[in-house]
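Student: Sharing the features that Swiss-Prot gives for it:
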| type | residues | note |
| --- | --- | --- |
| BINDING | 18, 169, 170, 171, 243, 249, 250, 266, 270 | ATP binding site |
| BINDING | 20 | Mg(2+) binding site |
| BINDING | 46 | K(+) binding site |
| BINDING | 59, 102, 243, 274 | L-methionine binding site |
| REGION | 102-112 | region 'Flexible loop' |
């Protein structure tokens, strides 16, 4: 995203009932089941969902007894999302598991022994980003797109009269106007939400207009002719009955809405030895702490890894010209020094070997507030602020 000058920028989001997000939810349900039984379990679970059909595939290493519970757990996940429709129902869906043992060739490069550090589970590049555009240090278009769908979910699941008739599948898209690189207003909003047969589109529009007005900053009003609700008309057939869904297909929604680079790796269904997930969380953690410390208004972090190698091959910092008298190369070295960026170091620092991943499967992995019971989203903490300021002043 160009962060200077005047421009329009758009981000989209999808709800927990979107087919790809249903797949993500089930994959993370499998992951949490294994981590609950064994914090050192290995999981790489892919899910396919379509009309009353769910297929699990991938590799695992963990307690055998967990396997026998997975179909019931997947069914409960579908129930919690809200699907009990003719074409996709938690009661009737045919759920099949093809999960099998993790490759020994991968395990020998990843497992730690007495004479070596634990290596990364694969090669790859991961990015983290933070910006002062919102209080959560997230890009504003994505933040508002996510929040709109979370509000609709709350109406639907919490018994609010405004949610009556709304169904789980939904999408949003928000376009903001930037002046001198800063968001100053909204130019368009698109929302498509599944609903019961016969529900008035005018009623849906009025409800969603109230949602949007309650979320956007004061003075930001979307023009009526640029406020699009179910633009194609009825949206009754949705979810996996309307479109097949796959794990890992919404990686931009999961991260920064296109405002920052993406290394290409998905998150859901992967245990934290997979640096696609854990290193992306670490990169966000570092970038957020840099911005929270007042060292820059924007920060992009890139980390890179090789399979079987414990330390990152590179740590790259880009402050996009917003640094406060900070040398980016020196800052990168400091970040690599104050946090152990090996796979095990990341997991230990952020306490990732726990069943904390189901809540990440929808509405974004970043910019989220932790659940006090789960103690999750640890990568959103800003506990490095004092350390970074002190290190730069040495």
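Any Cβ shown, glycine's included, is placed from N, Cα and C.
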Student: When you put residue 59 (L-methionine binding site) at the centre and draw a 10 Å sphere around its Cα, which of the binding-site residues 46, 170, 250 have their Cα inside it?
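Tutor: So the list is 46.
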Student: How many Å lie between the Cα of residue 270 (ATP binding site) and the Cα of residue 102 (L-methionine binding site)?
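Tutor: Cα-Cα, rounded: 12 Å.
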Student: Is the residue listed as 'Mg(2+) binding site' helix, strand or coil when read with DSSP?
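Tutor: Its secondary structure by DSSP: helix.
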Student: CB neighbours of residue 170 (ATP binding site) within 10 A?
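Tutor: If we count other Cβ atoms within 10 Å of residue 170 (ATP binding site), we arrive at 27.
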Student: If you measure residue 18 (ATP binding site) to residue 274 (L-methionine binding site) at Cα, how many Å is it?
Tutor: 25
Student: What is the average pLDDT across the region 'Flexible loop' (102-112)?
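Tutor: It averages 65.
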Student: Going by C-alpha positions, which of the binding-site residues (20, 46, 102) is nearest residue 243 (ATP binding site)?
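Tutor: Nearest listed residue in space: 20.
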Student: With a 10 Å radius around each C-beta, find which of these binding-site residues (46, 243) has the fewest other C-beta atoms nearby.
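Tutor: It is 243 that, of the binding-site residues 46, 243, has the fewest other Cβ atoms within 10 Å.
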Student: Mind checking which of 20, 59 has the fewest other CB atoms within 10 A of its CB? They're the binding-site residues.
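Tutor: Looking at the binding-site residues 20, 59, the Cβ with the fewest others within 10 Å is that of 59.
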